[in-house]
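Asker: Quick one: the structure is below, and I'll ask about it shortly.
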Amino acid sequence: MSLDEHTSDSAPLFSDDSEAEGPNGPDAQQHPEEEASGVSRVRAVLIVLTLCYINLLNYMDRFTVAGVLPDIEQYFGIDDGNSGLLQTVFICSYMFLAPFFGYLGDRYNRKYIMSAGILFWSSVTLASSYTPKEHFWALLLTRGLVGVGEASYSTIAPTIIADLYIKEKRTNMLSLFYFAIPVGSGLGYIVGSQVSSATKDWHSALRVTPGLGLVAVVLLLFVVQEPKRGAVEARSDMHQTSWLTDLRELSRNCSFILSTLGFTAVAFVTGSLALWAPTFLYRAAVFTGQKPPCVDEAQCSSSDSLIFGIITVITGLLGVASGVQVSRQLRKKTARADPLVCAAGLLLSAPFLYLAIVCAQTSTVATYVSYQSSASTELHLEE
């Protein structure tokens with residue numbers, strides 16, 4: 001990847017006047033990040049806040065479906081295998097297209113790529129809310145297309161923050177950006193379940209984020225200013241390389257490979273848990289006789305999705321914040337602080353997750369407590 005100034009945008013159609021501003025532009029101050037990136041301090045903060053809002057919306061949209069999954073199964077008359085495909089097609093499209101959008105983000109205007117992606121997934125999500133009962137395949141298709149749009153944002157947004165700040169400031173801003181993951185996920189369960197409950201129609205839950213997505217596009221176009229790529233920490237020995245060369249170098253980085261494999265294992269657990277946990281808790285309550293099953297055209301109980309969403313928000317905030325602080329203190333003693341904190345958090349979460357599953361047959365309260373303990377420790381990894 002190149003850090004050369006003249007290769008930051010290779011096509012005039014995708015260029016941005018703001019990126020061409022040098023350190024002597026109207027917003028330049030004494031701050032090195034400002035001078036290098038060409039973005040003022042105030043504008044940089046507004047950019048980060050905008051990206052945080054969109055990241056929150058990104059995850060909120062992703063987990064709205066999980067919040068109303070029992071209603072979707074009842075509406076289409078499908079089993080767990082088919083409903084699980086909703087997550088599978090999303091993950092597959094997201095996984096395969098994320099590198100492609102990362103490639104585009106390194107070469108073209110990131111603001112416009114993200115704007116197009118958000119507009120696309122907002123439109124597709126809105127369209128999915130009108131899927132007729134006889135065409136479950138159409139809902140699967142739209143969920144796969146949502147993955148396309150979300151991949152265009154998640155792979156690019158952190159690079160803009162990295163081009164605005166260095167060192168401790170960058171760490172703090174990226175931490176703020178990733179705080180939106182558990183908060184947005186929890187809001188997805190909460191908003192999805194409560195909107196569905198209020199309107200007596202799960203389709204309405206899918207019509208919330210598209211409107212907020214349009215707001216996100218407006219903010220991107222009018223607030224976000226494309227910073228100069230890599231200028232805040234440009235080095236004279238950096239030179240342009242090909243995509244294959246970058247991949248070859250990454251494949252030789254053992255820390256990168258092991259971290260990627262570790263996070264893949266975490267995503268395997270959290271991805272399945274995120275989709276099935278509210279449904280699992282609801283069925284456990286039905287099994288113990290605490291709630292009636294949803295049959296015929298009756299609305300399924302949404303309280304489990306609501307409680308699960310609240311727990312996700314609280315434990316996410318506590319887990320990420322504590323993980324950052326513990327890692328920061330431990331870094332004074334060892335350079336391996338970050339992986340050690342991640343490993344400790346995951347190891348501590350495993351027994352609590354097991355208890356949450358076992359206790360579901362006898363006590364819903366014990367299940368929630370065990371899950372909350374598991375989530376708090378596991379979300380140390382998100383920092």
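Each Cβ is built from the backbone N, Cα and C atoms, and glycine gets one as well.
Because TrEMBL annotations are produced automatically, they should be read as predictions rather than curated entries.
From TrEMBL, here are the annotated features:
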{"type": "REGION", "residues": "1-36", "note": "region 'Disordered'"}
{"type": "DOMAIN", "residues": "47-383", "note": "domain 'Major facilitator superfamily (MFS) profile'"}
{"type": "TRANSMEM", "residues": "85-105", "note": "transmembrane segment"}
{"type": "TRANSMEM", "residues": "112-130", "note": "transmembrane segment"}
{"type": "TRANSMEM", "residues": "136-161", "note": "transmembrane segment"}
{"type": "TRANSMEM", "residues": "173-192", "note": "transmembrane segment"}
{"type": "TRANSMEM", "residues": "204-224", "note": "transmembrane segment"}
{"type": "TRANSMEM", "residues": "256-277", "note": "transmembrane segment"}
{"type": "TRANSMEM", "residues": "306-327", "note": "transmembrane segment"}
{"type": "TRANSMEM", "residues": "339-357", "note": "transmembrane segment"}
Asker: Per the 3+ Cβ pairs under 8 Å rule, pairs at least 6 apart in sequence, do the transmembrane segment (112-130) and the transmembrane segment (204-224) touch?
Answerer: yes
Asker: Go through the chain and flag residues at least 6 beyond the ends of the transmembrane segment (85-105) whose CB is under 8 A from any CB in it; none is fine as an answer.
Answerer: 62, 65-66, 69, 72, 113, 117, 139-141, 143-148, 150-152, 154-156, 159, 243, 271-272, 275
Asker: Which one, 136-161, 173-192, 204-224, 339-357, has the most C-beta pairs under 8 Å toward the transmembrane segment (256-277)?
Answerer: 339-357
Asker: In terms of Cβ proximity under 8 Å, which residues at least six beyond the ends of the transmembrane segment (173-192) contact it?
Answerer: 48, 51-53, 55-68, 157-158, 161-162, 164-165, 205, 208, 274, 278, 305-306, 308-317, 319-321, 324, 379, 382-383
Asker: Using Cβ atoms and a strict cutoff of less than 8 Å, what residues sit near the transmembrane segment (136-161) while being 6 or more residues removed from its termini?
Answerer: 47-48, 51, 54-55, 58, 61-62, 65, 72, 76, 78, 82, 85-87, 89-94, 97-102, 105-106, 110, 113-114, 116-122, 124-125, 127-128, 170, 173-174, 177, 224, 226-227
Asker: For the domain 'Major facilitator superfamily (MFS) profile' (47-383), report the average pLDDT of the model, please.
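Answerer: Taking every residue in the domain 'Major facilitator superfamily (MFS) profile' (47-383) and averaging pLDDT yields 85.
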